[in-house]
Amino acid sequence: MIKRVKTGIPGMDEILHGGIPERNIVLISGGPGTGKTIFSQQFIWNGLQMGEPGIYVALEEHPVQVKKNMEVFGWNVDPFEKEGKFAIVDAFTGGIGEYAEKEKYVVRDIDDVRELAEVLKRAVRETQAKRVVIDSVTTLYITKPAMARSIIFQLKRILSGLGCTSLFVSQVSVTEKGFGGPGVEHGVDGIIRLDLDEIDGELKRSLIVWKMRGTSHSMRRHPFEITDKGIVIYPSEGGEGR
């Protein structure tokens with residue numbers, strides 16, 4: 001029997017026929033405003049509720065802002081951080097400013113994947129993390145797209161080796177058909193694509209599981225909403241593509 005990690009996101013585990021296979025690295029891919037970050041934070045929060053420690057690697061936002069954004073949905077990670085069950089790896093401030101001086105896990109040069117890897121390893125070992133989010137992995141290779149696949153592989157080797165189930169947030173432009181970076185889709189175990197489409201003058205959210213190693217899954221596109229408690233997916237309302 002394959003061990004699975006429950007996302008805890010309403011509707012998602014049904015679509016994945018029980019959850020994400022343990023140790024999988026899953027790309028959460030989509031354009032701006034599609035809900036990628038909320039999806040990832042909800043995954044971490046639900047893990048904490050199930051007793052699974054988590055790490056959030058912040059590459060695009062100040063760690064203080066990450067926590068504020070989570071609190072909007074009632075996800076207060078401070079108690080878990082104090083208990084050593086949750087940590088934010090600060091790969092945003094570059095070690096500048098008073099916040100960074102207090103921060104335990106800081107990556108000073110995001111162009112140095114080895115430094116990120118070392119900080120990440122230490123954070124995972126010290127918190128005994130089972131879930132990891134990197135938001136966004138695109139930031140690591142935006143200036144050197146040819147390195148995208150190699151960077152994904154390096155991080156995958158480390159995180160899978162440490163027993164973590166991980167979500168890598170990947171940005172794509174609104175019109176882009178791919179998943180954000182050349183070859184990244186081959187370096188991950190799963191891809192969940194989030195979309196925001198204009199239909200009859202109204203924006204509609206939907207997602208589709210493009211691939212997921214180790215499990216069967218729904219092949220349909222499913223509508224979802226962002227509520228005051230986070231993302232809710234409607235697994236029985238699969239539309240037939242766009």
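Glycine is treated like the rest: Cβ placed from N, Cα and C.
Swiss-Prot annotations:
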DOMAIN    3-242  domain 'KaiC'
BINDING   Gly30, Gly31, Pro32, Gly33, Thr34, Gly35, Lys36, Thr37  ATP binding site
In three-state DSSP terms, the structure that Gly33 (ATP binding site) belongs to: coil
Additional residues surrounding ATP, by Cβ distance to the Gly30, Gly31, Pro32, Gly33, Thr34, Gly35, Lys36, Thr37 centre under 8 Å: Gln171, Leu194, Leu196
For the binding-site residues Gly31, Pro32, the one whose C-beta sees the most other C-beta atoms within 10 angstroms: Gly31
Other CB atoms within 10 A, centred on Thr37 (ATP binding site): 20
Nonlocal residues around Thr34 (ATP binding site), in sequence order (Cβ under 8 Å, 6 or more apart): Leu194, Asp195, Leu196, Arg205
